[in-house]
Amino acid sequence: MDNLSFHDGNIFNLLHTRSQDPSHEVDQRMQFHSSLVRRLSQEQELEGHQGCVNALAWNSNGSLLISGSDDLRINIWNYSSRKLLHSIDTGHTANIFCTKFVPETSDELVVSGAGDAEVRLFNTSRLSGRAEDDNAIIPSALYQCHTRRVKKLAVEPGNPNVVWSASEDGTLRQHDFRESTSCPPAGTAHQECRSVLLDLRSGAKRALADPPKQTLSLKSCDISATRPHLLLVGGSDAFARLYDRRMLPPLASSRKRMPPPPCVNYFCPMHLSERGRTNLHLTHVTFSPNGEEVLLSYSGEHVYLMNVNNGICSTGIMQYTPGDVDNLFSFSNNLHDVESPPQVSTTPQNGFHRSSNAATVKKCTELVEIAKWSLEEGTDVFYAIEAANEVLDAHSNDIESALRHECLCTRAALLLKRKWKNDAHMAVRDCHNARRIDASSFKAHYYMSEALQQLGKCKEALDFATAAQHMNPSDADIVAKVESIKRDLQAAGAEKNEETGAGTTRVLSLSDILYRSEANSDSSHDMSRSEREDSDYDEELELDIQTSLSDDEGRDTDSNSMRGSLNLRIHRVGDDKPMENTVDNASSGTASSSQNDRTSYQPEGAIDMKRRYVGHCNVGTDIKQASFLGQRGEYIASGSDDGRWFIWEKQTGRLMKVLVGDESVLNCIQCHPFDSVVATSGIDNTIKIWSPTASVPSIVAGGSAGPATANVVEVMESNQQKLSRNRENPLSVELMQRFRMQEFAEGNFHPFECTQS
């Protein structure tokens, strides 16, 4: 949008500053300056793998790039020449999902983790030095203590002795090369290695208010570069967890399942913290370069930024509790947190003093008028939202409350018109903040009622609509809104009565569950509290299936044990009809025990989102990354199921660049430690190297498939439709992983040829 400026200043001024003051800070600001980001294009394509490239990592000085692939090989590339130095036949028997250089080893030690549940360490000094002559070498260390796929490895800067591995078995293990270089396979008679740093086999939460109970299949982990005692993990539920390694219990054996240790913080957007999102899970978590923020990427969702430490910012970021989630949707005439007038900020940002004078106010006023015009005309809604983001996220402290209130209401209305996934939840936030400024705001109440109606919360919507009608009884729109909500309530009541009369037990085939489309991605997830309490549908279903599929310690089932068709009997808790034989008395006792656990459990708080980044699609793989670009981390990048990768401005969420990087799905994004260079990979067998070589800055540039001609908004609209059609089902992620590994006799369910999940 031409009306929006960039917040990192003029690059020529930076170059002039560097000539006068050659400081490291100027170089950091130059690395991914907006003018360079908008000139990124594909520089080279690295060929050397024969399968999907699932992992990328740079060494500490950026001279080498390492990659891991479905071809079971690790490749090491020279950055300067862009040539393949080594190709290691690892000996893994399943896809390699992660690989790293071990710090302070002259880049001679590399480590890999794979789908065979093994972690392998290699010494590259034993290789021939020519990639075409490299053969399988004996690992310097071999750890076989995991029981399921190893999805992510972490190393500590400056520590050459330890590597951490996160696995779908629910454990994060610490491997110290000084203590041992091997451990026997899990489940063997002599398997007693004490390497479990985090035991989260009973750590997954259905909701913030629920106690941890199910296995948390770990998908990602990261160690803070600035505070290496901080450890971040994410997996098969909605909550990323921050741990202080100094406060964790001693390393333990995996023979006994331990209760999950307390974490420093949970991270989860407030609207994703409720029950009813069974299949929601994280695919990537990472710290910002300065360690003050974390980035979360969700499957079937967006990318979210959060503060590591609890605090308040322009978006109202805070640590919330389960009660706060309910309060956000509840009508109250007395808002206890009415906003106080903001303090005008004069803090320098990016080396330049932020304007707090009349020019800034004039600019913000113009942007709000542009957004309001787009709302009235129904055109350019995406860019109008970006204009509102610029005002609220970049200049919130520079404007008066009245203008901020107007912008909040306008953005809420635009979000409700756009209707991308969870836009209605973002509108609820804006309306809530607008009501904090003006508790008698007609617009805030009207748009809140519209947002809640879109979310299927009709009772709450009627409260706000009625209040708005009292404020302006002659407004035709609010009269129509009240009647519309009343009709929705009547229809919902009739449907509920019909279901009650027909009975609540029904038999579904597995295909019914796996391929059930959600009609409305927002409303299908957001039942009212009373409706959620009336149904324990998800938990009961998972209990039935786990009883029939799992054996004693959560070990993997035999590959032949699930052949043939599978029918599931589903019923609500409290149904008078007897349960099928899939659940025995012991399981019934477990269900009763879980209810008691939930009653006695004291809910913890979580840190809410700071920013949301939208436009990509993440449903096809669970290794899709979201990364900070540059040493200052001022830009956010994510891969997408459409083969593109997206770059946003961190501060405002403004879309900066869309690049085609894969013919199918792009997963991995790793920026160079110091240069304006990015490496990406995905389903293709090649690695793409990107640098700011385009002659003209633009939001879209040529990629591996040639110049992109599609309209950017149309591309994002298509991705949002895929997210909304994302097949939501009551099977947990843990169980879905088991089904993916099987082939049914009917031949209706087959794994992908190139599996990156």
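Cβ from N, Cα, C; glycine included.
Keep in mind it's a predicted model, so treat the numbers as computed, not measured.
Here Swiss-Prot flags 533-543 as compositional bias 'Acidic residues'. Residues or ranges marked as compositional bias 'Polar residues' in Swiss-Prot: 582-601. Marked as S-12-hydroxyfarnesyl cysteine by Swiss-Prot on the basis of experimental evidence: C754. According to Swiss-Prot, the region 'Disordered' annotation covers 519-601. Sequence annotations record features per position, and here Swiss-Prot assigns repeat 'WD 2' to 48-87. Annotated repeat 'WD 3' per Swiss-Prot: 91-132, in sequence order, evidence recorded as sequence analysis. Summarising the annotation, Swiss-Prot assigns repeat 'WD 8' to 661-700. Feature annotation from Swiss-Prot assigns motif 'Nuclear localization signal' to 245-257.
Averaged across the motif 'Nuclear localization signal' (245-257), pLDDT for the predicted model comes to 90. Within the chain carrying the repeat 'WD 2' (48-87), a Cβ under 8 angstroms from the stretch's Cβ atoms is held by residues 93-101, 103, 107, 110, 112, 114, 122, 124, 127, 129, 131-132, 134, 157, 623, 667-670, 672-675, 679-687, 689, 754-756, all 6 or more beyond its ends. Within the chain, the motif 'Nuclear localization signal' (245-257) has long-range Cβ neighbours (under 8 A, six or more residues past its boundaries) at 145, 147, 171, 174, 186, 191-199, 201-202, 229-231, 264, 553.
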